[in-house]
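Taken from TrEMBL as is:
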- 1-20: region 'Disordered' (REGION)
- 27-51: transmembrane segment (TRANSMEM)
- 42-302: domain 'G-protein coupled receptors family 1 profile' (DOMAIN)
- 63-91: transmembrane segment (TRANSMEM)
- 103-124: transmembrane segment (TRANSMEM)
- 154-173: transmembrane segment (TRANSMEM)
- 198-227: transmembrane segment (TRANSMEM)
- 247-270: transmembrane segment (TRANSMEM)
Amino acid sequence: MSANGSSESGCRSEVKPSNNTCSQKELSVTASIISMTVGIFSNSLALFILVKSYNRIRIKSKASFLLIASSLVVTDLLGHLINGSLVLFVYSSQKKWETFDPHRIVCSVFGMCMVFFGLSPLFLGSIMAVERCIGVTRPIFHSTTLVSRHMKRLLGLTWLLAALVAVLPVLLWRPYKVQSSRSWCFFPMEQPKDWLDVLLPLLFSMLGLLALLLSIVCNTLTSCALLQARLRHRHHCRGTPYHIEMIWQLLGIMLVSCVCWGPLLIHVIILSTRARDESTSFSLLTVVRMATWNQILDPWVYILLRKAVLRKIFLLCHSCWDSKSHNLHRWQHSMLCSSVEKSNPSDCRCLSRMPLPNAAIKSIA
């Protein structure tokens, strides 16, 4: 409370230019709180749905998928809690890093969390894509080799790899630095000292792009395999509806990741390989804000792209289309009758006794 009061009094005592700065600060804090709240709610709801499905499912292949999906949602949830709390702490301290973080401990933790919770969802998304590709194209190998114990080990190795990349700058004495907006920490993108300052952000971006590329390749192969199975009239095989539901979710995750993380990863590569100026630092903040939406949109993929929800959406669209087509047939029938009535009224009476196309189909059924 005292921090909020001091900031408000500081804002009131300033002139108009600084009032704009204070209003921008309040807007940033409000946006951070809203983003954090929506992200926590979305991931909690998705986690509840996934855990409920995991306890109810009896198909081993889908159980492995739900285990990885639940791990992804938990990672996104922790990312919102930790990163959001650090952002609010920085704003509550009025972004005076020299005062509350003289030894750069908070900045190092902030930077490591940014990298870890950035790479982990991309890695987990690629693992989900590989797991589904093997499950669809090599089901026997999947059922005998990719058991639950192995999947848990793979999840641990994935988090360990992301943590290693996040800790690497600290281990190499290339600590994270406060960015120009003074609200977050990341790799030293401006004026790198040597090749290590260029290599570390490149490593981060290349690993993220490699994970996205692996997801695209595996999801393409899985979709082609399912389409080929459909064309060969194998849709009656057991488990295919689950594959279709999971591939829709994978495509949604891949699309969200490419849209949210693609600009940041490419932008970091561009900034690492050319001279920087002040404008690029603000553009970096913009693409970072885009990347944070990945943790908000990911859970809605599992909430909306479920078989029950998709069935309701399909039935709703189908009923709307039927009503529109029925109204269209009635309008065509009335127009035809009115045009025939002018020429021959007896033909109009014959037309009025003819059933509409939908009514005729229902009578035949």
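Yeah, the Cβs are placed from backbone N, Cα and C, and that goes for glycine too.
Taking Cβ pairs closer than 8 Å, the transmembrane segment (154-173) reaches residues 67-68, 71, 75, 108, 111-113, 115-116, 119-120, 123-124, 127, 187, 196, 200, 203-204, 207 in its own chain, all 6 or more past its ends. Per-residue confidence over the domain 'G-protein coupled receptors family 1 profile' (42-302) averages 85 (mean pLDDT, predicted model).
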